Amino acid sequence: MSAAVPVPAPPPVDPATAGEMAREAAAWCALHGLVVGDRADPRSATVPGVGLVHAPFSLLPAHLPESIWRQACELATIFNELVDRVSLDGKFLQDSLSKTRQVDDFTSRLLEIHRKMMEINKEENIRLGLHRSDYMLDLETNSLLQIELNTISTSFPGLGSLVSDLHRSLINQYVHLLSLEPKRVPGNAASSKFAEALARAWAEFNVDSAVVMMIVQPEERNMYDQYWLTNHLKESYGITTIRKTLSQVEAEGQVLPDGTLVVDGKKVAVVYYRAGYTPNDYPSEAVREWSARLLIEQSCAVKCPSISYHLVGTKKIQQELAKPNVLERFLENKEEIAKLRKCFAGLWSLDDEEIVKTAIEKPELFVLKPQREGGGNNIYGLDLRETLTRLQKEGGDALAAYILMQRIFPKASLAYLVRGGICHEGLVISELGIYGAYLRNKDKVVINEQSGYLMRTKVSSSDEGGVAAGFAVLDSLYLTDK
């Protein structure tokens, strides 16, 4: 059971001052590119520079013990290595997801592409992963517990990098009112680190005329987060980025006999997915988007992620890796294995009748997760009980489309959240995402590092946590001694 939540301390400033700070912060966002498309303007998702609003943000950074921060950062390189090792074991991926594919068409199609690559023994000499592992600090145990590991379209390296700068600016400006030290807000280089990894992958590909191709959704209000990476690639490395939907790739792309991917007449060195993680990204009756995904996978371009890296990030694989003795299949270092296990929350297959029974009796202690990314997909509370009861009655393999996870209960605190220029006070909880970059060319590991962080804060009454989905705001960290 969750521990009793202590009465939160009031925010360090009064509402009037918070309103003044929010106005200053909104101006800072406009000046520094901490912006998203305005939902009120229909062109804001398709035309750059039209209909901008500041990204939703927390007025002041969330507190986190420095020891927990260091633990989370240390895990990044271990998870990077784990993703790469697991991705090489095609049989493990196919077997682990075999039941899921029977009831989940999206996973089935991913597995079919993966199977085709296995059949032709497709080699991926240059392997690039831009990952994000998400955590919460459990109040009862004071443990850092992993929520999920994202291996495709890890969002907000661009905008998330700016929030720590915003918070340091506010702390400096209002130092006479706030008992906070700007140096305790850690720097966040996620944007430049991800761009560096993309540039290094481009360099390993070693074709000077080639471009980086970013796979995007047809409508994208979060395009400025992506444009920050594009900007770094152009200004720091002289690399051109093209933006294409999967449908455009199918119409404009081809793979030459030597494996070169050519799209719109341009040779592609690196394919960076900021779409393709949800069934909504594959809408056409003619299966054009799936054809594009297969075309890309058949090419020699560097994929971020490859189909195998994508599959490693599924919820079912997360649950399989949490089983006894499975990590030992992929990693040798016992200390690193112990560090990973320490951060694993309870994860169960719905084949476990006892845990399903417990979840129906006490749904508030669990989260039911389908094989989906992007926020807004998880099932909680009475909906969880109802769904499990229905799935049990239906029988068959329907249960394989989900996993059960222990619900984490983080400490709630009072904070000011700013959205659309309006400052609200609320009881909030926060989620920490640690970015990681991994690049390997054959046997040579070129990059394996922690690459910044993403802090998201939401009102404690909200179950979901996606910023782009409208549930949370961007935040940064304030490191404390305990």
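Cβ atoms are placed via backbone N, Cα and C, with glycine included.
Keep in mind that TrEMBL annotations are predicted by a computer and have not been checked by a curator.
Taken from TrEMBL as is:
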{"type": "BINDING", "residues": "R132, 152-155, 220-222, Q226, 274-277, R456, 467-468", "note": "substrate binding site"}
{"type": "BINDING", "residues": "E148, N150, E373", "note": "Mg(2+) binding site"}
{"type": "BINDING", "residues": "E148, K315, 369-378, Y380, 405-408, E431, K458, E464", "note": "ATP binding site"}
{"type": "DOMAIN", "residues": "210-312", "note": "domain 'Glutathione synthase substrate-binding'"}
DSSP residue counts for the domain 'Glutathione synthase substrate-binding' (210-312), split into helix, strand and coil: 42 helix, 26 strand, 35 coil
Cα proximity to Q226 (substrate binding site), best match among binding-site residues P370, Y380, R407, K458: K458
R407 (ATP binding site) to E148 (Mg(2+) binding site) - Cα separation in whole Å: 12
Rounded Cα-Cα span from S153 (substrate binding site) to Y380 (ATP binding site), Å: 25
Shortest C-alpha distance to R132 (substrate binding site) - which of the binding-site residues E148, N150, P370, K458: N150
Greatest C-beta neighbour count within 10 angstroms, which of the binding-site residues N150, S153, S155, Q226: S153
Candidates N150, P370, K458 (binding-site residues) - the one closest to A275 (substrate binding site) by CA: N150
Packing count at R407 (ATP binding site) (other Cβ atoms within 10 Å of its Cβ): 22
Cβ neighbour count within 10 Å of K458 (ATP binding site): 23
N150 (Mg(2+) binding site) versus binding-site residues R221, Y277, P370 - nearest by Cα: Y277
Which same-chain residues, if any, lie at least 6 apart from P370 (ATP binding site) yet have Cβ under 8 Å of it: D104, K315, N377, N378, I379, A401, Y402
Candidate with sparsest Cβ neighbourhood (10 Å radius) among R132, R221, the listed binding-site residues: R221
Fewest Cβ neighbours within 10 Å, where candidates are the binding-site residues Y277, Y380: Y380
A275 (substrate binding site): tally of other CB atoms within 10 A of its CB: 20
Cα-nearest neighbour of K458 (ATP binding site) within the listed binding-site residues, E148, R221, Y277: E148
Set of same-chain residues at least 6 away whose C-beta sits under 8 angstroms from E148 (Mg(2+) binding site): S133, D134, G313, K315, Q318, K369
